[in-house]
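A.B. asks: Before anything else, here's the structure in question.
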């Protein structure tokens, strides 16, 4: 969408539309009664670990203070938008258990929540800055800007705009507009920026005018840059606190100058230290395992991923394993956030997931969810398999504490749970000459018990019964039974295998492996 101009002015219809949007501005910040925070990713890619961490800390802060968590999509870089990314970002937040209160999907009082649908607001703000002299039109061509960059590089200087168009006279501007010369709008950076207090980094000051040229705030296609858009949107959405990555700390001075030029009260800022790999290197999208979708498809629980992310950072009195989102909300304190980068050790994720999966298996409602998920996984892997929910639930309870992921049950070592192994009589008889006697003792034990065993009582009964086998060590008898039941020499205890398979299936397998 290209903005409409009449000799450099926005069309009056645009002003009317924007004024209507402006009326939706919330008033809670002025009253000081409501905390409102936002997570504002760009759908130029899918949600990654760094983004999830920023979203999580915003969510925790909002819920800790009874406030609102907003999802806003910064989709103004139209050339880099990735199809499906916008929808996926919100999907991943919902999967993680930190759903936004206001978003493109759910709406809200301060929408729309995509920047591409809020252009009128940016146009009005840009015009206000032009009218007050806080911004100006820049007619410099891309070729001239490239020459400036090359010259700076040649002199080993940081490239910066030389603010040339800042000094154009009104007559010169009028002449260029009359020729329909393309332009962008730049913000007039004032020297001597005032210090501000960041809620994490403390008092900070960056005189951006001394190191940067005047920044572009509205591009030639009518879309804003981040600097203008985030200020306008945070104001109109009445954001009370901005929690974002530390990479934006230096730019905050620039944003505060924009707030001042527009006559708006700024929110409070808290910049979160970067999330890095455990060796201190930057998280890279080339790693493959940086995207949240990877962990969803790999069978990890969202609780485990959030738990790991908060354990590697700060914001809590102490680190603990096994914390749920509700616990994180209770324990989170923004003031305890460190300025040191957070080192993420993804090698610990399986152990975090084991702890949370154990808790899910113990919970009645969450166990039902796991049973349903496992049924779907089994159906995809074993097309003709028919298992009742009670059978699957029994397996989960028996394997509680041993599984790192639900998908572990689809690995070859657990295949015996779902398909009968191929075992020959010769394989078993080479383990002991009393193979048939061992089998008959265990089959009779299973047939004669109607009340059911626990793992402990079955272990005791097996040991008692197998004392009748005089020439076979107990360990050899266990190995024989394990191979007959599973086709494997190693794995869970024989008692657990018998309980997992159930009485009838266990008897069938033993008799098939060692027919009379």
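Cβ atoms are placed via backbone N, Cα and C, with glycine included.
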A.B. asks: For the L-glutamate site that Swiss-Prot assigns to 38, 39, 40, 74, 226, 227, 228, 229, 230, which of the candidates 105, 244 is also assigned?
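C.D. replies: Same L-glutamate site in Swiss-Prot: 244.
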A.B. asks: For the annotation motif ''HIGH' region' in Swiss-Prot, which listed range does it cover: 16-24, 25-33, 43-51?
C.D. replies: 43-51
A.B. asks: Specify the count of other C-beta atoms within 10 Å of the C-beta of residue 226 (L-glutamate binding site).
C.D. replies: 18
A.B. asks: Nearest to residue 284 (ATP binding site) by Cα, among 38, 40, 226, 228, 230 (binding-site residues)?
C.D. replies: 40
A.B. asks: Counting only other Cβ atoms and using a 10 Å cut-off, which of the binding-site residues 230, 284 scores lowest?
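C.D. replies: Among the binding-site residues 230, 284, the lowest count of other Cβ atoms within 10 Å belongs to 284.
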A.B. asks: What three-state class does DSSP give residue 282 (ATP binding site)?
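C.D. replies: Going by the DSSP assignment, residue 282 (ATP binding site) falls within a strand, counted as strand.
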A.B. asks: Which state, by DSSP, holds residue 230 (L-glutamate binding site): helix, strand or coil?
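C.D. replies: DSSP call for residue 230 (L-glutamate binding site): helix.
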A.B. asks: Work through the binding-site residues one by one (247, 282, 283, 285) and name whichever has its CA nearest to the CA of residue 40 (L-glutamate binding site).
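C.D. replies: So, spelling it out, the nearest of the binding-site residues is 247.
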A.B. asks: Let me make sure I understand the structure: which of the binding-site residues listed (40, 228, 283) has the fewest other Cβ atoms within 10 A of its Cβ?
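C.D. replies: Looking at the binding-site residues 40, 228, 283, the Cβ with the fewest others within 10 Å is that of 283.
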